[in-house]
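Here is what TrEMBL says about this protein:
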- B:58-272: domain 'ABC transmembrane type-1' (DOMAIN)
- B:69-92: transmembrane segment (TRANSMEM)
- B:112-133: transmembrane segment (TRANSMEM)
- B:145-170: transmembrane segment (TRANSMEM)
- B:190-213: transmembrane segment (TRANSMEM)
- B:220-241: transmembrane segment (TRANSMEM)
- B:253-273: transmembrane segment (TRANSMEM)
Amino acid sequence: MTFLTLDHLQKSFGPTRVVHDFDLGVEKGEFVSFLGPSGCGKTTVLRMVAGFETPTAGRVVIDGRDVTRLRPNQRQIGMVFQSYALFPNLTVAENVGFGLRTAGVPRAERAGRVAEMLALIGLPDLGGRYPWQLSGGQQQRVALARALAPRPRVLLLDEPLSALDAKIRVSLRNQIREIQQQLAITTIFVTHDQEEALSISDRIVVMHKGIADQTGTPAQIYNQPATDFVAGFVGTLNRFEAEVLDPARGLVRVEGAEIALDRPLPAGRITLAARPESLRIAAEGIPAEITGVEFLGSVQRLRARAAGREVVLDRFNEPGVALPQPGAQVRLAAAQAGWLVLPG
Amino acid sequence: MRQIGWNWLGVLPFFAFALLFLVLPTMNIVIGAFQNPQGEFTLANLAGLASPRIVSSFAISIKISLASALLGCLIGFAMAAAVVMGGVPGWIKGPLMTFSGVASNFAGVPLAFAFIATLGRVGLVTMLLRQWFGINIYAMGFNLLSFWGLTLTYLFFQIPLMILIITPALEGLKREWREAAEVLGASTFQYWRMVALPILFPSLLGTFALLFANSFGAVATAYALTGSSLSIVPIMLFAQIRGDVLQDPHLGYAMAFGMIVVTGLANLAYVVMRARAERWMQ
Amino acid sequence: MRRVWSWAALIVGGLYFLLPLIGTIEFSLRMRRGEYSLDAYRSVLSDPNFRATFSYSVAMAALTILLGVLIVVPTAYWVRLRLPRLRPVIEFITLLPLVIPAIVVVFGYIRLYNTSSILPLTGTASGTNLLLLCGYATLALPYMYRAVDTGLSTLDVRSLTEAAQSLGAGWARIIVRLILPNVLGAVMSGAFLSFAIVIGEFTMAALLNRPAFGPYMQLLGANRAYEPAALAVIAFAVTWGCMGVMQLISRLFGTRMQAK
Ligand SMILES: Nc1ncnc2c1ncn2[C@@H]1O[C@H](COP(=O)(O)OP(=O)(O)OP(=O)(O)O)[C@@H](O)[C@H]1O
Ligand SMILES: [Mg+2]
């Protein structure tokens with residue numbers, strides 16, 4: 001039995017169905033990210049867990065108890081909003097202590113817990129300030145402390161980092177992950193930033209048009225995308241049309257180059273794909289012409305034209321090795337495991 | 001230096017106007033309140049305010065202004081809250097705001113006529129209550145020319161004024177604040193007490209002070225409604241300016257000064273409380 | 001549950017506002033015994049005093065608006081451009097008329113500008129008219145200033161001015177040709193609000209003894225039964241008209257500003 005279970009959740013606003021049959025089990029202490037394009041229903045699912053939306057069908061179960069009919073203030077959930085949503089009339093300490101106050105925790109005990117939370121987020125001295133006296137990153141950390149102070153059973157974060165600038169985003173996401181692991185709190189984190197999801201999650205749910213397309217560890221999502229959508233949405237992907245020569249042995253041909261995949265394939269034509277870092281320049285392989293070279297420091301990004309399409313390949317910088325020049329004719333290959341066969 | 005001089009020249013007409021037609025006339029009254037007919041300094045005029053007639057006129061004026069401001073705030077707040085967050089259809093807001101704009105400016109003499117035609121001895125509502133329900137409100141002690149009558153009439157412009165001012169403030173309450181409070185375990189009541197009302201407090205207080213001053217200084221409605229039969233401060237002052245009914249011009253100045261003090265105190269209270277409430281504002 | 005309370009508040013409030021309006025209209029039609037008629041309106045409209053006082057007040061309102069614009073627009077503009085630190089002071093002054101009762105202000109006028117003073121404005125009819133005009137302008141000041149200042153806040157006053165100056169425009173030209181057209185919507189909404197306030201104003205006109213519409217209505221109210229109700233209906237219609245035009249204008253200009 002999982003700690004948080006979303007059991008066949010559905011949600012319609014009027015005639016439009018926004019969430020179709022969403023099924024998910026989250027283990028205690030697990031960090032799960034919802035990743036998907038704008039409008040795919042991430043927030044809606046999260047709000048059903050929090051209790052702000054009532055599911056059209058399905059159940060939300062926390063720790064074995066069906067909470068689908070409970071109001072948000074009875075669910076013991078912590079929530080962090082994209083816009084921070086700190087109460088402007090209360091100091092940082094009062095904000096953090098809010099959930100304790102509504103729970104009737106005595107003042108002295110409250111003060112201790114607030115100090116503890118402020119120390120946890122690394123802002124021990126800012127308790128007396130008002131929200132407008134804090135930077136965006138500080139406000140969001142206070143919001144996190146506020147959500148965690150009453151020891152919620154589940155923590156929900158709805159794009160908590162997207163209002164912040166890039167640098168703070170990275171450091172704050174690591175801090176969120178650290179605190180989450182330290183407290184071992186069951187967490188759902190909504191984002192549309194794949195790097196964010198890949199870097200801090202135990203598991204990722206890739207959502208698309210109200211459906212969970214794939215649920216898996218970051219490595220699974222990246223290396224073994226279950227659907228065409230997941231493959232295209234997470235990371236960059238180079239696609240090639242391939243003709244299957246021998247379905248049983250997995251031999252295909254792309255632009256005259258034969259590639260042995262060593263796995264059973266359907267007959268006819270398939271789409272092959274490879275991540276930029278899987279492709280390399282080799283003696284044998286798919287013929288291509290280099291069209292551009294970007295030097296990104298540790299990585300070199302080469303753009304090429306192969307089989308009538310734009311192709312990107314990344315390789316690590318090696319000081320002794322010269323960059324290929326635009327216009328150079330090369331051949332592209334990948335290790336067997338680097339080739340993805342896309343469904344459909 | 002020359003630049004500064006030139007800059008000041010640009011606002012000179014405004015300051016000249018404000019000085020001549022707002023500040024000096026008011027100052028003049030204030031000074032007059034501290035002078036005897038010979039132009040010497042005295043506190044006798046202010047002491048003269050302690051006469052029972054004047055004290056009771058201030059008392060009833062303040063009572064009416066407090067009641068109409070308080071009721072105006074409460075009812076206006078309820079109506080604005082109903083429209084902003086009460087789950088009624090969205091189209092109601094537009095007409096309500098338009099109507100409030102009109103009604104908040106529909107004061108003075110015609111307002112008195114409207115209430116006489118409605119709640120006067122032969123007014124529509126009076127008659128209907130008598131014919132349909134057998135209720136004779138005048139026999140029950142109601143009188144339009146009374147504390148409640150005047151308060152009821154003033155509400156016609158007080159409520160809309162409140163609606164006009166508080167609706168944008170209510171719309172400024174973010175949905176996330178409510179949701180954050182709720183998910184932190186707050187009941188609706190706790191949300192209002194701990195978050196929404198403190199945030200609205202400066203607006204509420206400011207509107208209250210404005211409504212208070214609004215009805216405290218109102219002459220026309222009361223005069224058209226009651227003639228001089230109800231001795232509220234502005235009516236008494238009106239009669240004094242017209243015909244020196246107090247038989248002491250300087251007592252009139254003292255009364256006017258008293259009016260300024262009352263509305264000034266109301267607004268001062270607002271400024272002080274607002275400053276205290278606004279620690280959390282930018 | 002919340003919806004029930006909301007509807008209750010709106011219905012009770014709505015009744016409170018509708019009943020006096022219905023009552024007044026009904027009363028204004030009751031002049032002829034036993035049937036409804038427009039006699040009261042006929043009687044009011046044919047009264048030469050009605051026409052005289054009404055046109056006097058309309059003229060005063062128009063002049064008030066003109067004076068208000070002349071005082072407020074250049075000031076608000078100048079303060080935004082050159083003296084931003086003065087803004088709180090100006091704002092405070094413009095709010096004073098909401099705090100100091102009009103009756104006190106006009107009392108001050110009578111004392112300050114009486115026949116034995118340095119500036120004996122109340123000595124002549126035209127002087128008193130001028131005094132009343134200035135009184136009305138102070139009454140309208142809070143509304144006028146707010147409207148214009150809000151209008152200016154949507155403009156980048158500084159860049160506009162500098163652009164015009166670089167093209168060689170003088171101050172008068174900048175204000176009349178550049179600033180005024182851009183805040184016209186705001187000025188108009190302030191203007192109609194001022195109109196609504198001035199047209200039926202009673203206290204100042206009565207105490208300065210001017211033949212304005214407000215004192216006329218009061219006098220009629222003291223002596224007649226049904227005509228006052230008809231007057232109230234007319235006054236309400238005028239107020240409604242002013243506010244309606246004001247909203248229309250701000251909507252028109254609002255969309256135009258967004259389109260830019
Ligand atoms: N209250 C509502 N009424 C009607 N439609 C809604 C409502 N809330 C959300 N929707 C619709 O549901 C769909 C999913 O919305 P949701 O907010 O869950 O998307 P999201 O994945 O969180 O997107 P984003 O990344 O932009 O935040 C959208 O098409 C949205 O228009
Ligand atoms: Mg969202």
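Placement of Cβ uses the backbone N, Cα and C atoms for every residue, glycine included.
In TrEMBL, annotation is done automatically, which means it is predicted and not curated.
Predicted, not measured: the structure shown is a model, and the values here were computed from it.
Touching of the transmembrane segment (B:112-133) and the transmembrane segment (B:220-241) is concluded from the presence of at least three CB pairs under 8 A, sequence neighbours closer than 6 excluded.
Sequence-distant contacts of the transmembrane segment (B:220-241) (same chain, at least 6 residues past either end, Cβ-Cβ under 8 Å): 53-54, 56-58, 60-61, 64, 107-109, 111-113, 115-116, 144-146, 149-150, 153-154, 251-252, 255-256, 258-259. Remote same-chain partners of the transmembrane segment (B:69-92), defined as residues 6 or more beyond its termini with a Cβ less than 8 Å from a stretch Cβ, comprise 151, 154-155, 158-163, 166-167, 170-171, 173, 204, 207-208, 211-212, 214-215. Sequence-distant contacts of the transmembrane segment (B:253-273) (same chain, at least 6 residues past either end, Cβ-Cβ under 8 Å): 26, 29-30, 32-33, 35, 45-46, 48-49, 54, 58, 61-62, 201-202, 205-206, 208-209, 212-213, 216-217, 233-234, 236-237, 240, 246.
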